[in-house]
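This is the structure, below, for whatever I ask next.
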Amino acid sequence: MTSHLKKVELHCHLEGAAPPTLTVAQARKYNIDISHYLAGGTYVWHDFASFLECYDKVSEAYKTEEDYALLTETYLDELAAIGTIYSELIVSPDHGKRIGLGADAYIEGVCEGVRRAKAKSDIEARLIVTGERHFGPESVIGAAEYAAKAKNPLITGFNLAGEERMGRVADYARAFDIARDAGLGLTIHAGEVCGAFSVADALDVVRPSRIGHGVRAIEDLDLVKRLADLGTVLEVCPGSNIALNVFPDFASHPLRKLKASGVRVTISSDDPPFFHTSLKREYELAADAFGFSDAAINEMTRTGIEAAFVDEPTRQALFARM
Ligand SMILES: Nc1ncnc2[nH]cnc12
Ligand SMILES: [Zn+2]
């Protein structure tokens, strides 16, 4: 039981949080045939590549500023209802461009959703602009330039997601330079689909304060020590890792080992309905599948606040709410 615990989430893709019921309604509204990707109330995919394809198709069912406001508000309301005080949403203005809505209208819709949710529950939220590797380095640079120029106080970070097997981190270094120069927090997907080398690449090239997943660092114990020494925070998403078969089961998932080795870890849901999970379930798994005490879970939540891409007064206000 973790319902009494305050919660923080650093790693959730906005479109990846789309409830299947809402996506069905959206697809009906726009007369989109989504039956290959959503059947029986469940998103349909069978491996990482088909998951990404399904994710992109589902995203296409959200088309207007109001659609993004509703999607954001719906997810943040769900988080607030389980005691979540802070959420970082991974968003893709580039996707807004691709669907013809435009990056500004996409972001404005998301910001409206953040404001609506905050007015109801006081949940704090920030946006991490992401580039997606499978759309190529130029599109990732475009995403970084957008984030850098936006001067939107809710946009506080930059991420790189998508097909991890596409190119090496160095191909995307320029995008991270742009984001770093703009003062954005840096995080990057690594060590999820690819092995420990991708985490080492991320540390060498990007020097991020956080890594999305990073769990396959466990394949190289020197690298685990490096993560612990640097204080790099891992945004660990156990349910996602099991759904994508990164590890066969929770017993072989390295969350406990990483934490015991001194690596700073947090827990998140990634793309919850795609992976049959939720932040509530991830906290329950931390207690039941991993055997963490309330104190250990609170420690991970505090790590999340320490690593959050927020200004210091906001960070202190979040600590005060713990
Ligand atoms: N788990 C994941 N890894 C990489 N890119 C993603 N985009 C959405 N979810 C993702
Ligand atoms: Zn992710």
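Just so you know, glycine gets a Cβ as well, placed from its N, Cα and C.
Any TrEMBL annotation is an automated prediction that lacks curation.
Because the structure is a prediction, the values reported are computed rather than measured.
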Hey, TrEMBL has Zn(2+) bound by His11, His13, Asp270. Any idea which of His134, His189 it lists too?
His189
Among all chains shown, work out which of the recorded positions His11, His13, His189, His213 has the most CB atoms within 10 A of its CB.
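Within the set of recorded positions, the most crowded position is His11.
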If you count the C-beta atoms lying within 10 Å of each candidate's C-beta, which of the recorded positions Glu192, Asp270, Asp271 ends up with the smallest number?
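Comparing Cβ neighbours within 10 Å for the recorded positions Glu192, Asp270, Asp271, Glu192 has the fewest.
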Round to a whole number and give the Cα-to-Cα distance in Å for the pair His189 (Zn(2+) binding site) and His213 (site 'Important for catalytic activity').
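Taking the Cα atoms only, His189 (Zn(2+) binding site) lies 6 Å from His213 (site 'Important for catalytic activity').
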